[in-house]
Amino acid sequence: MFDLLDYATLKFVWWILVGVLLMGFAITDGMDMGVGVLLPFVARTDAERRIAINTVGPHWDGNQVWLITAGGAIFAAWPAVYAAAFSGFYMAMLLVLFALFFRPVGFDYRSKIDDTLWRSAWDWGLFVSGAVPALIFGVAFGNLLQGVPFHLDDMLRSHYQGSLLTALLPLLNPFALLAGVISLGMLTVHGALWLQLRADDPVASRARKTTVALAPVVALLFLGAGVWLWFGVDGFRVVSAPPHDAASNPLAKEVARVAHAWFDIYAVVPAAKAAPVAGVLGPIVAGLLASARRPGLGFVANAFGMVGIIGSAGLSMFPFIMPSSIDPRSSLTIWDAASSHFTLTVMFVAAAILLPIVLGYTIWCYARMWGRVTADQIEAQSHSAY
Amino acid sequence: MIDPNFVALSRWQFAGTALYHFLFVPLTLGLSWLLVIMETVYVMTGKEIYKDMTRFWGKLFGINFALGVTTGLTMEFQFGTNWSYYSHYVGDVFGAPLAIEGLMAFFLESTFIGLFFLGWDKLSKRQHLAVTFFTALGSNLSALWILVANGWMQNPVGAAFSPETMRMEMKSFADVFFNPVAQVKFVHTVAAGYVTGSLFVLGISAWHILKGRDLPFMRRSFAVAVGFGLASCLSVIVLGDESGYTLGDVQKVKLAAIEAEWHTEPAPAAFTLFGLPSQDKEETEDKIQIPWLMGVIATRSLDKPVEGLSELMVDHERRIRSGMIAYDGLMKIRGGDASPQTKALFDAHAKDLGYGLLLKQFTENPAQATDAEVKAAVKTTIPTVWPLFWSFRIMVGLGFLMLFVFAAGFWLNATNRLEENRWYLWLAVLAIPAPWIACETGWFVAEFGRQPWAIGEVLPTFLATSSLTTGDLIFSLAGFLTFYTLLLVIEIFLMQKYARLGPSSLGLGRYHHETKRALTMK
């Protein structure tokens with residue numbers, strides 16, 4: 001077909017694009033998950049809970065597509081990563097999936113039956129469907145940074161060490177759990193800022209107190225994780241590898257585990273330091289803006305913070321996507337886990353055309369539905385609102 | 001070595017979750033367009049009753065849609081979690097339509113669906129109609145892309161195997177998209193969805209008409225559904241016939257298995273209406289046949305033969321032996337042999353590599369397989385015939401039954417005799433499960449008929465799994481069984497509750513249960 005971009009450039013572009021999709025997920029669907037986490041706590045009566053739910057009601061489904069599309073893009077652009085990560089993290093993926101089951105039905109079914117037990121059961125369902133994926137996505141990043149126990153055989157089939165609990169429990173190590181708590185914390189803050197923008201009091205004011213208390217904690221934990229990464233986690237470094245535009249074959253390279261290697265990028269590309277700086281400052285500024293009653297700007301600041309936190313994890317590992325702790329040369333990098341030049345080109349064209357269109361109508365939908373959700377509105381639309 | 005129990009569990013999980021997902025998909029595909037039709041009438045005529053119709057049927061649509069989204073997530077995860085070698089081996093081709101499905105279709109339907117439910121007061125009439133239209137368009141586009149992906153599993157065109165990367169790679173996106181199997185599957189599948197949506201509205205309306213409730217509302221709903229349903233049902237049957245023709249061209253094994261045609265018959269082949277297929281004897285006993293019909297469906301001619309399974313297996317043996325040479329060449333190339341002779345030999349046999357891989361269930365090294373192993377592998381190149389034979393006949397039989405329901409309903413409605421023919425209204429109610437059974441048996445024919453391949457003639461199913469343990473699979477199957485049962489019970493409870501309640505569930509104060517209550521309160 002057409003050689004729009006050379007192969008090495010496209011591999012790099014797809015690393016950016018997958019990052020953009022994950023950040024898009026955190027900013028949009030992360031907010032819904034945060035609202036789900038906060039639901040049982042900042043909204044106490046049925047009316048308050050319906051207010052909180054209806055602030056994200058029209059949008060959660062579209063937002064969730066960021067996650068689905070990120071999964072699809074990883075499948076199309078990095079099939080080796082999709083294969084090794086989804087099957088390796090089998091138990092964790094199932095937990096995420098089973099938790100996510102409660103979202104569509106939680107939103108749509110909750111208010112269709114007027115019964116306290118029914119509704120509060122779905123409220124906790126929405127809590128689980130927000131908290132569990134938010135935690136586990138962070139845990140996954142925490143494990144990627146430490147390397148994952150898998151190897152590729154000579155047919156490039158991926159094998160993971162352990163099954164059931166022997167596969168799951170090692171994933172729940174202290175560093176990974178810290179990463180999980182950071183992820184849970186940043187999405188919760190994000191949801192709280194959204195509630196301040198769109199929900200009526202007292203939900204909004206409770207959400208403000210949560211933000212002011214929680215946002216600095218997120219910044220502190222992220223900083224702590226950075227220090228831990230420097231002192232306690234060995235990074236990975238490519239020692240020798242085929243050229244970047246070679247056909248994808250992970251087994252053709254040499255990889256070494258080196259202390260502090262996860263900080264290489266910040267020396268080579270000083271501008272990369274912007275990511276961790278944003279990761280620390282974003283939540284702090286968001287907390288300050290919330291206490292100054294400027295939740296709109298706070299929402300933007302926290303979005304920058306999340307981009308910084310996710311970006312830091314991606315940049316630190318560059319060019320690794322999924323390092324292997326038991327067979328370092330099986331590690332998957334952006335250069336050797338990618339699809340063919342042709343497929344990356346087709347997908348790039350599709351994304352370049354479709355993503356702007358998606359952004360356009362998404363903004364239109366938010367604009368049409370804008371406004372504070374009040375108890376009176378819910379009362380007036382009690383048969384149609386969530 | 002390959003553990004057959006583990007492979008079986010992986011297949012049960014995929015088949016179970018996919019068939020479960022497809023309980024919700026066809027209703028979404030069809031009902032969404034019925035909503036567009038009803039709302040268009042509302043916008044054009046300004047009659048409130050059509051708005052109420054859009055909102056009531058939209059409520060039932062929402063109850064169904066929620067589970068469609070829930071179970072669709074499983075499908076998105078499952079290629080990676082349970083079919084990881086598949087994902088590695090064909091992700092370069094198969095992943096693209098899936099990712100485009102997300103970008104083009106899922107975003108569209110999911111972004112607008114929330115405004116469909118919650119935007120009535122915030123949007124103008126036309127804006128809301130546009131929202132409904134884009135939701136319908138999004139769900140139908142999603143069917144397009146997933147069927148492009150599925151069509152490629154049946155007929156993997158536009159791609160080639162690369163020994164360097166040990167996977168299939170895309171060569172032509174146009175070939176993948178315009179794959180004839182994908183195109184006929186798409187139109188057949190969405191039309192089946194339209195039939196499902198129509199029969200759903202038809203049956204529930206008929207029930208309310210029988211009860212004498214909300215007659216103006218239900219008569220109009222019936223009229224919209226019966227027209228759309230009749231046109232769709234005719235399309236499904238015509239397009240199903242077109243699928244038969246495509247199969248005769250590219251999936252000969254599936255066609256012969258559906259027809260239980262063990263041996264090539266003189267052209268034009270007869271169509272076996274009923275019979276008892278026996279896998280051991282390789283023949284079908286007690287057949288009732290219609291002369292010529294099969295030959296006409298499959299070849300559109302009176303002189304071309306339809307190949308039987310025995311003859312196809314002779315060809316499979318040749319391809320397995322050719323595949324052994326391909327496998328040997330592949331191992332040499334991956335071992336570092338860069339000589340042009342090896343490459344030429346591999347290239348000459350590369351299209352049979354998949355057949356060589358079939359031997360992997362009997363031996364570690366297919367290149368050295370014995371004659372006995374080759375014979376055993378040949379036996380596995382065709383699917384078990386009787387389940388296909390019968391599922392296909394159930395699907396087709398139900399198709400014609402539904403055609404009768406729509407045609408009779410159309411006639412009775414047009415001549416204004418619907419309410420006096422209570423037998424018909426009961427038939428319409430009882431026929432509600434028919435499209436679901438037809439859809440599920442149809443998918444069974446399509447996917448079980450593809451066996452032993454995950455990707456037709458390229459990757460055997462037993463090689464496509466993840467490297468998990470039986471314990472992992474038992475855990476996940478137990479989880480799916482628990483959650484899916486629970487969700488189904490809840491969904492059916494809500495669906496029948498709201499279907500019975502009718503438009504009174506909108507809380508507008510002008511429908512049956514509300515006016516009745518108002519009367520008794522006086």
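Even glycines carry a Cβ here, placed using N, Cα and C.
Just so you know, TrEMBL annotations are computer predictions that nobody has curated.
Annotated features in TrEMBL:
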TRANSMEM  A:12-43  transmembrane segment
TRANSMEM  A:89-109  transmembrane segment
TRANSMEM  A:121-144  transmembrane segment
TRANSMEM  A:164-189  transmembrane segment
TRANSMEM  A:210-231  transmembrane segment
TRANSMEM  A:274-292  transmembrane segment
TRANSMEM  A:299-322  transmembrane segment
TRANSMEM  A:342-364  transmembrane segment
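In this chain, the transmembrane segment (A:342-364) lies apart from the transmembrane segment (A:164-189): fewer than three C-beta pairs between them fall below 8 angstroms, excluding pairs fewer than 6 positions apart. Most Cβ pairs under 8 Å with the transmembrane segment (A:12-43) belong to A:121-144, among the candidate stretches A:89-109, A:121-144, A:274-292, A:299-322. Residues 32, 36, 53, 57, 60-61, 64, 122-123, 125-126, 128-133, 136-137, 139-140, 143, 148, 160, 163-165, 167-168, 171, 386 of the same chain lie 6+ residues outside the transmembrane segment (A:89-109) yet bring a C-beta within less than 8 angstroms of a C-beta in it.
Listed by sequence, the residues of this chain that lie at least six past the ends of the transmembrane segment (A:299-322) yet keep a Cβ under 8 A from its Cβ atoms are 15, 19, 22-23, 26-27, 30, 78, 81, 84-85, 141, 144-145, 148, 150, 179, 182, 186-187, 189-190, 193-194, 197, 215, 218-219, 222, 226, 229, 235-236, 238, 262-263, 265-266, 272, 274-283, 285-286, 289, 331-335, 337.
Listed as Cβ neighbours of the transmembrane segment (A:121-144) (distance under 8 Å, sequence separation of 6 or more from its ends, same chain) are residues 30, 32-37, 39-40, 49, 53, 85, 89, 92, 95-96, 99-103, 105-107, 109-110, 171-173, 175-184, 187-188, 191, 313, 317, 320-323. Sequence-distant contacts of the transmembrane segment (A:274-292) (same chain, at least 6 residues past either end, Cβ-Cβ under 8 Å): 186, 189, 192-193, 196, 208, 211-212, 214-216, 218-219, 222-223, 226, 266, 298-299, 301-309, 311-312, 315.
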